[in-house]
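Participant: Please see the structure below; I have some questions.
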Amino acid sequence: MAYRGAGGPGGGRDYDGHNMQDLNPHSQYSNVQLPPGHEQEDEAHRSLLTQGTTLYDHDRLGAHTPPVRPVSAYSLTESYAPNAPTTVPGSAVGASPSPFQNDYGVSSGYQGAMGGHADDGFPIGGGDPQQGHPYDTEDSWVQRQNPNAAPQGGGLKRYATRKVKLVQGSVLSIDYNVPSAIRNAVQPKYREQEGTNEEFIKMRYTAATCDPNDFTLKNGYDLRPRMYNRHTELLIAITYYNEDKVLLSRTLHGVMQNIRDIVNLKKSTFWNKGGPAWQKIVVCLVFDGIEKTDKNVLDVLATIGIYQDGVVKKDVHGQETVAHIFEYTTQLSVTPSQQLIRPQDDGPNTLPPVQFIFCLKAKNSKKINSHRWLFNAFGRILNPEVCILLDAGTKPSSRSLLGLWEGFYNDKDLGGACGEIHAMLGKGGRKLLNPLVAVQNFEYKISNILDKPLESAFGYVSVLPGAFSAYRFRAIMGRPLEQYFHGDHTLSKILGKKGIEGMNIFKKNMFLAEDRILCFELVAKAGQKWHLSYIKAAKGETDVPEGAAEFISQRRRWLNGSFAATLYSLMHFGRMYKSGHNIIRMFFFHVQLIYNILNVIFTWFSLASYWLTTTVIMDLVGNPQVGQNAREGWPFGNTVTPLFNAVLKYIYLAFVILQFILALGNRPKGSKYTYVTSFFVFSVIQAYILVLSGYLVVQAFQTPIGEQIKTDTAKDFMDSIFGKSGAAGVILLALIAIYGIYFIASFMYLDPWHMFHSFPYYMLLMSTYINILMVYAFNNWHDVSWGTKGSDSNEALPSANITKGEKDEVVVEEIDKPQEDIDSQFEATVRRALAPFNDEEKPEPKDLEDSYKSFRTMLVVLWLFSNCLLAVAITSDNFDALTKNQNTARTASFFQFLLFSTAFLSLIRFIGFLWFLGKTGIMCCIARR
């Protein structure tokens, strides 16, 4: 960027602000090293940091510079590069400012609140002289929100003020000039449009002092797309908690690339009808509280124009601001490697204008409240056809958002859909060296290949992940959203006993997986026939936990929430009969009901099942046999093997008991190394069991299969498979149905690589899903974190006090910054936004939640007792008289039942996968384009 001027003060040419200008490829700042994994950014060659410089655009000099202000033609480009010296208007690069100038180069009686001076050796707005690059701290951000405040010890206020009329006497909505560099980056063909060019030259700020339900046109609130009479077809929502600027940029840049894919459609009969395609798409960012927000993320948003420092208001005449709403239409984007992308031509790689709504909530009130702002506040005004939900950090792949939308366009009864989420594996898949990442990668892949297609075939996908899903807005209106928002604690006083304060601990856990509640309510909506689907063409990439503590904490919420929500859907299945689904769909819903019941039962008894499987295999292989089938104990002989197996059993039990102790008394982050040791011990035991299982398979097939599996008649075949005459049939069926299906389905899905690099890790760690993750989850059933957290940052913000204007109008006095100051402050903002990212782990406060422990204890006792009872009943000699069978016979029968049941459930998943694959292929040929 550069100042466009005549070359000096009073040059006779008027100021028109900054112009986007690229770095000279031979300058000292052009050799920027990209973080690993970003070297192949498809638009990096067009970024601010990698192109040659262009000439000043003297034609566009305006008429806004006061004669007393110097007009400079120096380049700001170098100052945007990391480690660049500070520059201020009216001075050369690296020169010290006048003692009578503040950090923006504007004369005043005191230094501004922007942190360090230009001669301090680090950039404006705060910086670390040791690191040499800018960063944003909480204190510096708070200071920048009070640009008109006098410093300690006195001084004069800097800016003049203007009077802004409140809408209906209570709603504060103000337009602010954007920095000249942002305005000039918009392609002229959009800026020159009459009637709508204001969206490119001014950012709109609204201080919402109401509940999301009261954010209505009747109460004086409005949004730009509706003000311009635009139809919103697609509302893309990004929910944010505390992610860093790299994660947010990854999502934001991916969304803008996907919007470009939609705008570039040449043969579309829909998107190109009735106006430009970009006017039918709105991107909404909802940030869950100022306190948790990474302030460097706000610098990134300010760099592309959808946020400005110094405009937010703590309250409007005593009415507390609940949400700060910014609106702007931009063509700028920042990549995850902190490169600024701007339009250069009308080519297919140029980003189109994107309509942004940025909602910065004043307090942290959870994701479900963010969705209430999205659906009840913005959704009711914009009335979109489809809403796509993304979490900050999820990167949609090319044309993924288009793929989700096409699913709704081609199926009028589709109420919700989700795409394929896969783990981010790093450059060259290097993250797969971490066993936890590999296990989660396999889990995601199998879910996308077997589970989601099966549920899609039924018509009810039990969970559309909030990180990457979509809903038809009119489908979720009414009861689905009403039930969904019962979990919002900000409605607790209004809802009374129906709200979160009136819920028992079971229902509170259910709302930990609130997306499952919305899915069930949508399918069971009275009188309607909405169904849910999985769309293979839509893919999203997300980070997964890489440490044991983070992994356990994440799964605690997932497991408890999904367990409670699954029970909720089973108990309320009768509401399906009030829906409008046809008899065929209802038949498949009943099949899915039975399938889900079986899954819940197996999940409940999984702790005992894993223990029994481990001990049975050890006894079958390790104990010596006498008589006709005499054999020695393997692998260490008759004496050592039984003793070795007994020690392993005691270690197994000891570490299971240890998990209960850890879960009841410690947080995962406080016992990190103990949990890592537990993962290692269980994986070693599982590896030993896999070796013994392989030995069993070899022994079973030493007798020719033809002698064990008879095919003379159907009865003989069934007896040889399901009878007790031989083991080969059972083992063969188990191998094919459990493990063979994984390979077959993965190859048919044309995505088999996880079977080679992730499946071995999963085989080693699969017991930890029960012995560690589920034990921790059930022991922390009481841990439900609700409540609004106050914000010190919010308290430090300025207020908007109303006065009476002409004709008794209610007005607010607001500062009126000169364009030069806006542009100068923008320089520091961009420098902070494009600085290299340092990933520093932030310490978290201890969680002292101690309620609902009695319920938790009863649940754990019931679960542990029932599993122990099953294990004892199967293996103990004391039950021989009751069952008239020896414990070995009962053990063999249980083991056989377990294998057949697991194989049966796997076959059901495979059949659903085949149906989905066939339907997708057929629909691909006949779908409307």
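Keep in mind that glycine also has a Cβ here, set from the backbone N, Cα and C atoms.
Look at Swiss-Prot and you will find 1-43, 114-156 tagged as region 'Disordered'. Summarising the annotation, Swiss-Prot assigns compositional bias 'Gly residues' to 1-12. As annotated by Swiss-Prot, compositional bias 'Polar residues' applies to 21-33, 140-149. The N-linked glycosylation site feature in Swiss-Prot is assigned to N560, N801; the stated evidence is sequence analysis. Look at Swiss-Prot and you will find 587-607, 643-663, 678-698, 730-750, 758-778, 857-877, 897-917 tagged as transmembrane segment.
So where do these features actually land, and what's packed around them?
Facilitator: For N560 (N-linked glycosylation site), the number of other Cβ atoms no farther than 10 Å from its own Cβ, over all displayed protein chains, is 25. A helical conformation is recorded for N560 (N-linked glycosylation site) in the three-state DSSP classification.
Within its own chain, the transmembrane segment (587-607) has Cβ neighbours under 8 Å at 455, 457-460, 462, 563, 566-567, 569-570, 573, 576, 581, 656, 770-771, 774-775, 863-864, 866-867, 870, 901-902, 905, 908, counting only residues six or more beyond its boundaries.
Listed as Cβ neighbours of the transmembrane segment (730-750) (distance under 8 Å, sequence separation of 6 or more from its ends, same chain) are residues 445-446, 449-450, 696-697, 700-701, 705, 709, 721, 759, 896, 899-900, 902-904, 906-907, 909-910, 913, 917.
Under 8 Å from some Cβ of the transmembrane segment (758-778) lie the Cβ atoms of residues 432, 435-436, 438-439, 441-443, 445, 551-552, 555-556, 559-560, 563, 603, 606-607, 610, 614, 655-656, 659-660, 662-663, 668, 675, 678-679, 682-683, 685-687, 690, 742, 856, 859-860, 863, all in the same chain and six or more residues away from its ends.
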Participant: Per DSSP, what is the residue tally for the compositional bias 'Polar residues' (140-149) in helix, strand and coil?
Facilitator: 5 helix, 0 strand, 5 coil
